[in-house]
Amino acid sequence: MTDLKPFLAKVASREPLTRDEARAAFDILMSGQATPSQIGGFLMALRVRGESVDEIVGAVTTMRSKMLTVEAPADAIDIVGTGGDASGTYNISTLAALIVAGAGVPVAKHGNRALSSKSGAADNLSALGVNIDVGPEIISRCIAEASVGFMFAQLHHSAMRHVGPSRVELGTRTIFNLLGPLSNPAGVRRQLLGVFSPQWLVPLAEVMRDLGSECVWVVHGDGLDEITTTGITKVAALEDGKIRSFELSPADFGVSPCVLADIKGGDGVANAAALREVLGGAKNAYRDVSLANAAASLVISGKVETIRDGMKLAAHSLDSGATALALDKLIAVSNDID
């Protein structure tokens, strides 16, 4: 079917789509076969009614089928957030990814330029000197040689160009804010996945279970799409096919609580400078929150069993210079394209 109208009529009447229907509908959207009015109406009908797990699974299945893939080790991990929390924090997941890479776990980092903040992962890494405009072969080399590679979302999801203008005109969150982090081009099966609202914790854990992920922690920390050190982080953890919910506090990581202003960032250049300060030995709230996210990621990866062991390994990665070395290698390999 190449006509969106039947699916549009169904969601407009507040009926949920089946997985197959969602897969077909998003194939129409992402193949350029729907008009801007149809795209806008469809996305907002889903948003107002509330997207179901089956609809997200179907949409992700289509998005994954159209993406440019990257070869990565089977044990690679991603640390990613949905964005959209409007917090303007430092690039926490970026530094956490480098720390995890320095600890010897391969990271296939998926990200984009800023949407609701001043600096997304792509902005931050570009300012650090990483060449983000590279193809799958170079990214695979980065992961092999630096233990971390960056996949710039817009280069891997070209089908998104068909819905981009409508999303901009709508100016509000849609299901596509969720789909990107669920569509890692390296096909990772282990993730630390931050979400902008706690309402999505369990549903997205269910989505990742149904899509075959091995271990995923879906987290929301005190308004942030990250693990936070400002207060309580809520977690829905998918492990061995089962989902359990729990909370984490700064004390669980052995760090002092901070306030949001302590981890507020700026643009890509300012955040790159802040990241370099932490690599240089600065002991501050940015270091603490990044270590916390890295520690959880090391648990998810299977490298360690406990958060406290994760904190020790993450701190060693940072303090030994292994994190800085991972960044240096990433910069070198990503720019070695002759």
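Including glycine, each Cβ sits where the backbone N, Cα and C put it.
Residues or ranges marked as anthranilate 1 binding site by Swiss-Prot on the basis of sequence analysis: Gly81, Asn112. Taken from Swiss-Prot, the feature 5-phospho-alpha-D-ribose 1-diphosphate binding site covers Gly81, 84-85, Thr89, 91-94, 109-117, Ala121, and the record attributes it to sequence analysis. According to Swiss-Prot, the Mg(2+) 1 binding site annotation covers Ser93, Glu226, on the basis of sequence analysis. The anthranilate 2 binding site annotation in Swiss-Prot covers Arg167 and rests on sequence analysis. If you look up Swiss-Prot, you'll see Asp225, Glu226 marked as Mg(2+) 2 binding site, on the strength of sequence analysis.
In sequence order, Leu43, Thr174, Phe176 constitute the residues six or more apart from the residue listed as 'anthranilate 2 binding site' in its chain with CB-CB distances below 8 Å. Under the DSSP three-state reduction, His110 (5-phospho-alpha-D-ribose 1-diphosphate binding site) is assigned to strand. Proximity note: of the listed binding-site residues (Gly81, Asn112, Glu226), Gly81, Glu226 have a CA within 10 Å of the CA of Ser93 (5-phospho-alpha-D-ribose 1-diphosphate binding site), given in sequence order. Around Asn112 (anthranilate 1 binding site), taking its Cβ as the centre, 20 other Cβ atoms fall within 10 Å, counting all chains.
It is 6 Å from the Cα atom of Gly81 (anthranilate 1 binding site) to that of Asp225 (Mg(2+) 2 binding site). Reduced to three states, the DSSP call for Asp225 (Mg(2+) 2 binding site) is coil. Neighbours of Ser93 (5-phospho-alpha-D-ribose 1-diphosphate binding site), defined as other CB atoms within 10 A of its CB across all chains, total 28. The 10 Å shell around the Cβ of Glu226 (Mg(2+) 1 binding site) contains 29 further Cβ atoms across the protein chains shown. Nearest by CA distance to Glu226 (Mg(2+) 1 binding site), out of the binding-site residues Thr89, His110, Asn112, Arg113, is Thr89. The 10 Å shell around the Cβ of Thr89 (5-phospho-alpha-D-ribose 1-diphosphate binding site) contains 25 further Cβ atoms across the protein chains shown. Cα separation, Asn112 (anthranilate 1 binding site) to Asp225 (Mg(2+) 2 binding site), rounded: 15 Å.
In this structure, the C-alpha atom of Thr89 (5-phospho-alpha-D-ribose 1-diphosphate binding site) lies 10 angstrom from that of Asp225 (Mg(2+) 2 binding site).
Long-range C-beta contacts of Arg113 (5-phospho-alpha-D-ribose 1-diphosphate binding site), restricted to its own chain and to partners at least six residues apart, with a cutoff below 8 Å, comprise Gly120, Ala122, Asp123, Gln154. Note on Gly81 (anthranilate 1 binding site): other Cβ atoms within 10 Å of its Cβ, all shown chains, come to 25.
Here the Cβ of Asp225 (Mg(2+) 2 binding site) has 27 other Cβ atoms within 10 Å, regardless of which shown protein chain they belong to.
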